[in-house]
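Working notes, beginning with the structure itself.
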Amino acid sequence: MLNKPALVESLIVFVIVLFVHAVVWDRYSWCAVALAVQAFYVQFKWDHLLQLGGAVFQFRTAANSGLLPASMVIPLLGIVMKERCKSAGIVYFERFGIVVASTGMLVALFLSVIAVGITKPVPTNTCILTGVAGSIIIYTMKHSLTVSEVIEVLEVLLIFVYLSMILLYLLPRCFTPGEALLVLGGVSFVLNQLIKRSLNVIEGRGDPIDFFLLVAVVGVVLLGLFFTVLFIFMDSGTWISSMFFHMMTAVLGLGVIMPWLYRLIQRNPLFWLLQFLFQTQTRVYLLVYWTFLAASACGVVFYQNAKRSSESKKHQASTITRKYFHFIVVATYVPGLIYDRQLLYVAAVLCLAVFIFLEYIRYFRIKPFGQTLRHLLSLFLDERDSGPLILTHIYLLLGMSLPVWLFPRSCAPKGTFSGAGALVPYSGVLSVGVGDTIASIFGSTMGEIKWPGTKKTFEGTMTAIFAQIIAVALILIFDSSVNLNSSYSWILASVSLVSLLEAYTTQIDNLLLPLYLQIMFMA
């Protein structure tokens, strides 16, 4: 029996794909339509496999496969980036957008072929549809990509295959197939970009903050893989193991990651970072303000745990309590977006590295803080944290940061786009910080009319749309760089579609919603 919420989720994604197709209308957008059609059919094969327990790896059980919404994110991002950079006349990033779109399509096709291949009996119609869509995409790639670009796409696919086999085995129940496609596909692309730029430093020279992001992401992933393999052979909870963990972290950081970054930016990374952070008085004020907000977030965690100790019946934080952190994150990002986006870019990278490192300490029970972190964070678990890792707070940070990191600055005249594109860096703030937060609070407290087949309410969705429109008006008032050029109807349609997606998706909305809103704004 078909899952009705999944059908509605798929319909919303189809509408977004058709919106982008109508704006772009070229061979790549036709490929995106073909990919969406085949992903729709294959998604239900994945759902069937998960229900029967026939998938090769253990995936998160409280959600559908999410293959269609995840499959379309990277291709659509590449397509809209290509169009923006083509309009700006930046050929290098136009080609980069084509590579991103082609990579996303090929990785999504690979995951579809895996699902079709392990489904018994073999679904003939789905196989034919997958073959037709794959033929269209490969034919387009053949006539669009150079030899070096084809090699780059295949490199990313190879990295994705190996990362998937390793991480999905080591981290059972942490992802759905769609989330694995999105997260591991992104990490694979970042790793390939870092290798490519490291091998050709002269060509790869650019903004140091971009290299800082690449090295930080790859560095923390490699650190996690190293310690995961190491602690298979030794107990991670002892003092000796903990001392070895801290020592090897310092060795890998100072002996591998720092020299790697030095090779890319051609200067001492620590001196560059300190000079960058304290370059202007505005940055000092922002750093002091963000330190205060970080202390406030820690205060909320300690207060809620103290409250749990005094109330033995209360074992988990409520939805409204968890949304406190959304408000804190909005208060963090909005001043950064208005006053200094480059500082926000670097600070978000640092925060991501710290979050992942603390999760390693919690997961491996590294002394002296591992067990304390386990106790403190267990209060804020929800059904999405069904695996050994706690990822919801990392997804929240990624959802707010990805629109800032993925904003094509080189293709934006005067550092910003006109029209709805001016709101691209605010996609995370609007969809997650405002929309998702308001929908949860109003839906859980005052909502009565539920969307069919879900726990989400009509009142929550409508208040989320209204709140995001108010937020856009406030952004217009306080951020002088934003010029919407009468694109209000497109903004309303974008916000409404993404809010409906939030009501029906069972994937990690903190990660999915900002990316789809960014795609709509950039289109």
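Each Cβ is built from the backbone N, Cα and C atoms, and glycine gets one as well.
The transmembrane segment annotation in TrEMBL covers 12-41 (among others).
Within its own chain, the transmembrane segment (61-80) is flanked in space by residues 3, 5-6, 9-10, 13, 16-17, 20, 24, 28-29, 31-32, 35-36, 39-40, 42-43, 46-47, 49-50, 97-105, 107-108, 111-112, 115, 173, 176-179, 181-182, 185-186, 189, 383-384, 386, 406, 501, 505-507, 512, 515-516, 518-519, 522-523, which lie at least six positions past its ends and keep a Cβ under 8 Å from the stretch. The feature transmembrane segment is assigned by TrEMBL to 61-80 (among others).
The annotation transmembrane segment is assigned in TrEMBL to 92-116 (among others).
The transmembrane segment feature in TrEMBL is assigned to 211-232 (among others).
The transmembrane segment annotation in TrEMBL covers 244-262 (among others).
If you look up TrEMBL, you'll see 282-303 (among others) marked as transmembrane segment.
With a threshold of 8 Å between CB atoms, the same-chain residues lying at least 6 positions outside the transmembrane segment (324-339) that come near it are 282, 286, 289-290, 293, 296-297, 300, 347, 393, 396-397, 400, 404, 425-426, 428-429, 432-434, 436-437, 478-479. Annotation comment: TrEMBL describes 324-339 (among others) as transmembrane segment.
Residues 209, 212-213, 216-217, 219-220, 223-224, 227, 231, 236-237, 241, 245, 249, 273, 276-277, 287, 290, 336, 371, 373-374, 377, 388-391, 393-394, 397-398, 400-401, 404-405 of the same chain lie 6+ residues outside the transmembrane segment (345-365) yet bring a C-beta within less than 8 angstroms of a C-beta in it. For 345-365 (among others), the entry in TrEMBL reads transmembrane segment.
Positions annotated as transmembrane segment by TrEMBL: 386-406 (among others).
As annotated by TrEMBL, transmembrane segment applies to 426-446 (among others).
Among the features that TrEMBL reports, transmembrane segment is placed at 458-478 (among others). Within the chain, the transmembrane segment (458-478) has long-range Cβ neighbours (under 8 A, six or more residues past its boundaries) at 338, 423, 426, 429-431, 434-436, 438-440, 442-444, 446-451, 484, 491-492, 495-496, 499-500, 502-503.
Residues or ranges marked as transmembrane segment by TrEMBL: 490-517 (among others). Residues of the same chain lying 6 or more positions beyond the ends of the transmembrane segment (490-517) and with a Cβ under 8 Å from any Cβ of it are 5-6, 8-9, 12-13, 15-16, 19, 62-64, 66, 69-70, 73, 77, 176, 178-179, 182-183, 384, 391-392, 395-396, 398-400, 402-403, 419-420, 423, 427-428, 430-432, 435-436, 439, 451, 454, 456, 460-461, 464-465, 468-469, 472, 484.
Long-range contacts of the transmembrane segment (12-41) within the same chain: residues 67-69, 71-72, 75-76, 78-80, 82-83, 98, 101, 105, 108-109, 112, 125-126, 129-130, 132-134, 136-137, 140, 144, 493, 497, 500-501, 504, 516, 519-520, 523, each at least 6 residues beyond the stretch ends and with a Cβ under 8 Å from a Cβ of the stretch. If you look at the transmembrane segment (244-262) against the transmembrane segment (211-232), you find at least three C-beta pairs under 8 angstroms, all six or more positions apart, and that counts as contact. Remote same-chain residues near the transmembrane segment (282-303) are listed as 321, 324-325, 328, 331-332, 335-336, 339-340, 343, 347, 376-377, 379-380 (criterion: CB distance under 8 Å, separation of at least six residues from the stretch ends). Same-chain neighbours of the transmembrane segment (211-232): 166, 170, 187, 190-191, 193-194, 197, 204, 241, 245, 248-249, 252-253, 256-257, 260-261, 264-265, 269, 273, 345-346, 349-350, 352-353, 356-357, 360, 364, 405, counting only residues six or more beyond its ends whose CB sits under 8 Å from a CB of the stretch.
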